[in-house]
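K.L.:
One structure is given below, represented as structure tokens, and several questions about it will come after.
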Amino acid sequence: MAGFQHGLDFGELQNGLTQDTVVVPTATNQISPPVTWIKGFLSPKQQQLLMMEVEQYPLDRVEIEVYGKQHFIPRTQAWFGDQGCDYHYSKLHITALAWPKVLSRLRAKLLSEHQIDSNSVLVNRYADGRDCMGWHSDDEPEIITGSAIASVTLGACRDFVVRHKPTQTKVTFPLASGDLLIMHPGMQQHWQHALPKRLKVTEPRINFTFRHIIANYYR
Ligand SMILES: O=C(O)CCC(=O)C(=O)O
Ligand SMILES: [Fe+2]
């Protein structure tokens, strides 16, 4: 990734953007998740720059243990972060890779425009609608309490489904390329989320979840 150059400064492309904050869908029982959905957070040009950079990422299909059996995850992933901001996932220790150029600009844009202070990001690539992610909350102990998690999407539109833990109420967000979904404090405690299979989808989707974690937590 070092030396990967772009002619355009990601940070200079903020003017002329049409960002649109969408009213969060509310379930019929009036329960709504603590999230903010900003459609078109990234301009088409920014999406293109990021997509070109993603093509250089060392995406891995890691093997994890589920109920005592080894499985390859149904997607590929990479983890970037500040020094010491490593990722722990199902007994795996994944050392943070240094921030690539465009990704670090996206991190800065989240901070300046939405006060989202992150020091790490998980990149997931779903090759097509067969790739997915099961129900979970991002409630790892190393995530700083009261921090927001910001999710940015590129590529195919996929349904991101959230489920209220006590009532099992579900709300669906069809996240499209360039959208930002901010998961506010309380979201991981009271809700789970998943990216279900969508067999009609034939195009890849990339998702970035920016997190603020405690550095050197496992050392
Ligand atoms: O791909 C998505 O939208 C969800 C990703 C996710 O939940 C995660 O990385 O923890
Ligand atoms: Fe998640």
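Cβ from N, Cα, C; glycine included.
Annotations in TrEMBL come from automatic prediction, not curation.
Copied straight from TrEMBL:
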BINDING   Tyr87, His88, Tyr89, Asp139  substrate binding site
BINDING   Asn124, Tyr126, His136, His193, Arg205, Thr209, Arg211  2-oxoglutarate binding site
DOMAIN    117-214  domain 'Fe2OG dioxygenase'
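Buried or exposed, and what's around them? Tell me for each listed feature.
P.N.:
Around Tyr87 (substrate binding site), the C-beta neighbours below 8 angstroms that are at least 6 residues distant in the chain are Trp79, Gly81, His93, Ile94, Ala96, Ser120, Leu122.
Spatially close to Thr209 (2-oxoglutarate binding site) yet at least six residues away along the chain are Val121, Leu122, Asn124, Asp138, Ile149, Ala150, Ser151, judged by Cβ distances under 8 angstroms.
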K.L.:
List the binding-site residues Tyr87, His88, Tyr89, Tyr126, Asp139, Arg205 whose Cβ sits under 6 Å from any atom of ligand 1, in sequence order.
P.N.:
none
K.L.:
Of the residues in the domain 'Fe2OG dioxygenase' (117-214), how many are helix, strand and coil by DSSP?
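P.N.:
Counts, helix then strand then coil: 4 helix, 49 strand, 45 coil.
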K.L.:
Do you know offhand how many angstrom separate Arg205 (2-oxoglutarate binding site) and Tyr89 (substrate binding site) by C-alpha?
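P.N.:
Spelling it out, the Cα of Arg205 (2-oxoglutarate binding site) and the Cα of Tyr89 (substrate binding site) are 21 Å apart.
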